[in-house]
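Q: Look at TrEMBL and you will find 268-277 tagged as compositional bias 'Low complexity'. Annotation comment: TrEMBL describes 278-287 as compositional bias 'Acidic residues'. If you look up TrEMBL, you'll see 70-225 marked as domain 'DUF7847'. Among the features that TrEMBL reports, region 'Disordered' is placed at 260-287. Per TrEMBL, transmembrane segment is recorded for 30-48, 82-105, 117-143, 149-169, 190-207, 227-248.
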Amino acid sequence: MNHDFFYREWNWIEQLSAAFHVFAANIKPILKVLLIVFLPISILESIINGRMLNAYTVFQQIAQAGVSLSNEADFFQAAYQVLFHSGLTLLVGLFLQPVGTIAIAKVVKQFVTKQEISFGTALGEAFSLMPTIVFSGVIYGVLIFLTSLIIVPGIYLSVAWVFYVYAIGLSDKKGMEPMRYSKALVKGKWWRTFGYLLLLAVIAMLWNSAFQLSYSFFPNERIGNAVYQFLCYFSAAFVTVGEALLFLNREAVTYGIPAEPAAEDAPAESVTGTVEGEPTENEENKE
């Protein structure tokens with residue numbers, strides 16, 4: 001990676017090129033996160049989705065036949081099951097997936113700051129942030145839901161707050177701070193951020209389209225669905241790498257945050273080409 005990563009905001013081409021490079025260079029620790037965190041999530045989601053689909057089928061059949069006294073209880077039970085399992089899916093997305101996202105993001109930060117890649121440390125720190133993830137996740141989920149009812153504010157905030165998980169995992173923000181921190185990094189760059197996120201999403205969708213072939217290898221639909229969900233998380237891991245790099249780049253350029261030292265016992269030259277402790281260009285300008 002170029003040494004100006006922490007001093008200059010990179011364009012899409014530079015960011016995307018770096019994302020492929022960092023993803024390939026750290027494929028082993030990323031796969032470990034996928035196996036330990038996202039494989040169980042994939043299995044859980046497969047079970048939840050299967051039950052929700054069954055409940056929805058019953059709900060639809062009763063609705064088409066007409067609700068009567070004889071099937072009213074079954075109708076409301078099916079409706080409850082659909083809502084319940086939809087809620088479980090939401091909880092998985094808000095509270096469990098961010099643990100894996102933060103673990104991968106920490107691996108990315110270790111790589112760009114030229115620290116020793118420690119999968120165990122990254123995963124352990126990610127799990128230790130679970131209380132913050134839950135608390136901030138509740139705030140994020142409620143606010144996104146409420147603003148989505150008006151559509152336009154929901155779309156705006158979903159992009160403005162895209163870095164909230166990274167603010168928790170990489171910058172130790174809590175409560176409402178992750179959303180405010182993310183919004184500050186996106187301020188004045190909303191369309192640029194939206195465009196890059198869309199580019200990452202298109203790449204992930206292309207990969208997922210190829211992964212759909214996995215269904216043909218498994219006669220059991222539930223197993224095939226679990227495998228496909230896991231492969232989709234492989235695509236999502238690439239998106240995480242791209243978003244983490246964008247976050248670190250924006251954070252450094254916006255706040256002048258230097259790279260962390262490569263070793264704790266001595267000032268070391270970072271990925272930026274500076275010695276830890278020396279002022280950054282942003283700090284010199286402030287002076």
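Going from the start of the chain as shown, residues are counted 1 onward.
Even glycines carry a Cβ here, placed using N, Cα and C.
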Q: Please check if the transmembrane segment (82-105) comes into contact with the transmembrane segment (190-207), where contact means 3 or more CB pairs closer than 8 Å and the residues in each pair are separated by 6 or more positions.
A: no
Q: Residues sitting near the transmembrane segment (227-248): Cβ under 8 Å, six or more positions beyond its termini, same chain?
A: 5-6, 15-16, 18-19, 22-23, 26, 30, 33-34, 38-39, 41-42, 45-46, 100-101, 104-105, 108-109, 112, 162-163, 166-167, 170, 185, 193, 196-197, 200-201, 203-205, 207-208, 211-212, 214-215, 217-218
